[in-house]
Structures are given as C-alpha cells and as structure tokens.
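A.B. asks: What follows is a structure written as structure tokens; I'll ask about it next.
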Amino acid sequence: MAKLTVRADNNNLPHFPHYGNHKVSIFNTSLRPQRLNLFLAQKHNLKFRVSCSITERQKKEAEEKRIILNGLKVNELGKNEGLISTCGDELGTESGDKEVGFEWKWPPWKNLPQRYKLIGTTSLAFVICNMDKVNLSIAIIPMSHQFGWNSSVAGLVQSSFFWGYALSQLPGGWLSKIFGGSLVLEVGVLVWSLATMLVPYLAGFMPALIFSRILVGIGEGVSPSAATALIARTIPLEERSRAVSFVFGGLSFGSVTGLLLAPPLIQNYGWESVFYLFGFLGIAWFSGFQLVKEDRPWSLPESMSWPPSFPRNKSLGELNTSLKDVPWKAFFRSKAVWAMIYAHFCGSWGHYTCLSWLPTYFSEELNLNLTEAAWVSVGPPLASIVVTSIASQFADSLISKGVDTSLVRKICQTIAFLSPATCMILSSVDFGLPPWEVVTILTGGLALSSFALSGLYCTHQDISPEYASILLGITNTVGAVPGIIGVALTGFLLDSTHSWSISLFAPSIFFYLTGTIVWLAFASSKPQSFSEGD
C-alpha cells in the first residue's frame, strides 16, 4: 500500500467548495498501475506528494536523502507546473527543464557570526604583525656582518621600529574610536607590509633603512588599539579574556612562525627573502579582509560598500570636536590608569629587549649557530601559546564564578611579572648551568609573562569599553618607549660592559619587580565613566 498526500491550493480548486478549510486530505490506494484521476480542472494546478513505504526501496530512499542533505539541489524552471514529489524527490509532471547541481558553501566562514570572523582575522593580522617584527631580530645577524655594524648600530636599527610604534599609539586609539577598529587595522597592515618589502632596497643607506622601519612601527602601532576597539564593542565580559588572548595570542604564534621560517629562508635565499615574503603575506591578508569584513561571497564583482559602523566622511570640524570630547584630564586623574601605564612600560621593557636580543644572546653567549639560536628563540613564544589558553580559561572561569574582576586581573598580572623576573635572576647569576638549562629557564619565565593578556590587556576594556582603544593607545605609547630606549641601551651597555647580565637581564628584573608593586597597589577593573566633572 502507498500513502498518498494531496496538497491543494484553495485558489486552484474553485469547483470543490467543501475543501475551503482543508489544505490536505489523505487516503489509501493500491499501488496497481492505474491512472490517477484527481479531478484536475483544465486551468488549475494541483501539487501533491506521494511518499512510498515499500520495503524494497528503503535503502534507495535513504541514499537519495543523504545526497540531498549533502547539497544536491533541484531547481525547477517551470514555476506553474504541477509537481509530484516521490520518495523525497522533486519531479516535474510537465516538460519543464530541470537543473541539478551542488550548492557550495564558500567561503568556509560564511555561516559564522560576524564578530567571530573579525576576531579570527584580527588574530591572523597579529600573526603577520610579529612575523614582520621578529624577522629583523634574525636578519640583523647576517646584515651586521655584511654592512659591518657593531652592537650599537644594530641596536639603533632595531629600535627605530619603536619610534614609529610609539608615535602611532594615541592617533591609532583615537582613529579607532572615530572610524572603528576594522578600518584602522586594515590600513595599518597595508602600511607595515609595504614598508617591510622596502627594507632590502634601503638597507645600504642607513637613514632610509631607519625610515622604513619607522613606517613598519607606525603600521603595527595602530593595531593593538584597533583590536581593542573591536573586542570592546563586540565581546561580552564573560568571554573577554578568551577573545583578548586569542587575538593577542597571534603575536606569539607570529613570533614562532617568523623565527622558524627566517633561518632557512636566509640560508637558502638570502636575508632579503624574509622581508619580501613576510611583506607579501600582509598584502594578501589586506585583500582577503575586504571580503571577510563585509560578509560578501567571492563571486560578487561589485566593489565593497563602506562598513555601516564607519562614517564615510567626517569634516575637519567634526573630527576636532571628537578629539576634544575625549576626557583626557579624567584619564590622568585615575590611579587605575597610571597603574596600567607603568605596568605596560615594565612589561614592555622585558618583552621588547628579549624579543630583539635573545637570538643574539643565544648565538654569542651560548655559542649556538644561526639555526640553533632561532630554534631556541622559538621556545618562549611557542610556550606562550599554551600558557595563553590556560590563563584565559583560568581568568574567565574565576569571573564567571563571581570572583571580583579586579582581583582576577591582579592575580594574572602578578604571575606575568614575577615569573620572568625569577627566571632572569636564575639565568643571570653564574650557577654554572649548562646552556640548555638556561634556555629552559628563560623559556618558562617568558612564557608565563603571557598571563598579562588576561591581566593588564583586559583592564582597558573592563574600566571603559567606550574609551578602551584610546586608553590602550595611551598605555601603549608609554609601553613603546622601552622599545626605543631599552633595545638601544642594551646594545650600548653590551659594547661597554660585555655582560649580558647587566645589559639585558638586570634592567628587566628591576621593572618587573617594581611593576608588580604598583599594580597590586593601584590597579582596578571597576568601570569608570571618566566624566570631566568627576
């Protein structure tokens, strides 16, 4: 027996008024090859569905349904035809042509919520960001040999990046608030990528080389504020630690990737290759981001429209008014803001000096070759990726259980400061440790400093989502100063004292310890209005 379901449209059966309140009737009929007379009027259509329950066809039906679920789409071209659907198939009773094809889901992120797409691509931008930052810390070794640079000149070249990085922090924060983090981020990536590709052409002329690195710093300098603006506007408090850790964790992954790729590229294709390749990756990201931010399919030929959250045009007067509306005085009357400023300075001193000089330290002090030095330099950022995921889960778990947010941020930041300080003390004192034990100790300490992503770097958004990008711009401006002073000073002290303990470790230990004291005393995640009248 077969179950026959007739589905009729009220407007198509004027000759059967008793069907006026019924859209479906069900009756049984035998499956003998007979012609079905369904009382069809000449100019009226009737759509009905026959679903077969015969045992012999169950396997075939299951296979047909599986194909349909996997994307087999039947497109009917005759819209006014009567349709018979047998065993789940849509078939035409008339001679209308049918078109069968697969419905591709491309791009793969098409069905993801927009905020996840932006967070994911922002993290990828940070991967490329640190690849372009660490490439010079490896390339500086063959470049110094080729151009005859001493440690002071090498330190000057590396520190020039942070001149631009410091200059772009406040403008980046303000622009992110006005135009949105997405636009500022993509422009920053394009600027630093083009400047990176110029380095091989300008390396022989010191002023031009320094200028190119300043441009790289300017492009990368707006990125933290842009990312902070995105997170503050889209991610709730309970997910914020994980979002910040995922985005800024891209820096650690970028360091790992850059340190692993740079040595074989340099040995096989010359030091110039790392700048060409890493710069090209940034340009490729810029092109792909145009598709992701608009959530448009690849096939659309028309130009992307401006994001709705970003105004197309602002007059100079409007921009000036927006700048004046920022409560600058209220920022600097807050003890919590001053705690963030000093903590950012202290953490950056240890991070930037180690990022720039550890490969040279491993090469010269521990007598490792270029490849070995690069491999062991991968240890801290690689371990940081693991620590970051643990720290973010730890912080969000405590907050979701009702633990005070300020206490959670203080715990995380204290771990981030005391861990590397302790490990640097052990590494700088001559205990007669073999090189690989020194590498292990430094790796562990620097990896635990990633707890700052669930401490300091979340506090800007905790106290003021509205001004989070500007607050990070303020603290990151001060935090970039160690990149300028600390990296160059390390090279100068190294030439003067020939002691890595004095030039590299001692200043970092001092700032880690004093930063811990200030953070515990004055840091807070309590939301603040920053009203000028407060």
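Backbone N, Cα and C define each Cβ position, glycine as well.
Copying in the features that TrEMBL gives for the protein in this structure:
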- 118-526: domain 'Major facilitator superfamily (MFS) profile' (DOMAIN)
- 178-203: transmembrane segment (TRANSMEM)
- 209-231: transmembrane segment (TRANSMEM)
- 243-262: transmembrane segment (TRANSMEM)
- 274-292: transmembrane segment (TRANSMEM)
- 337-358: transmembrane segment (TRANSMEM)
- 378-399: transmembrane segment (TRANSMEM)
- 411-433: transmembrane segment (TRANSMEM)
- 439-458: transmembrane segment (TRANSMEM)
- 470-494: transmembrane segment (TRANSMEM)
- 500-522: transmembrane segment (TRANSMEM)
A.B. asks: State the non-local partners of the transmembrane segment (209-231) in its own chain: residues 6+ outside its ends, Cβ under 8 Å from one of its Cβ atoms.
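C.D. replies: Hits for the transmembrane segment (209-231): 118-119, 122, 125-126, 129, 132-133, 136, 156-157, 160-169, 171-173, 175-177, 180-182, 184-185, 187-196, 198-199, 202-203, 240, 243-244, 247-248, 460-461, 468-470, 472-473, 476, 480.
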A.B. asks: Are the transmembrane segment (337-358) and the transmembrane segment (470-494) close enough that 3 or more Cβ pairs fall under 8 Å, when only pairs 6 or more apart in sequence count?
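C.D. replies: These two stretches do touch.
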A.B. asks: Taking contact to mean 3 or more CB pairs closer than 8 A (sequence separation of 6 or more), are the transmembrane segment (243-262) and the transmembrane segment (411-433) in contact?
C.D. replies: no
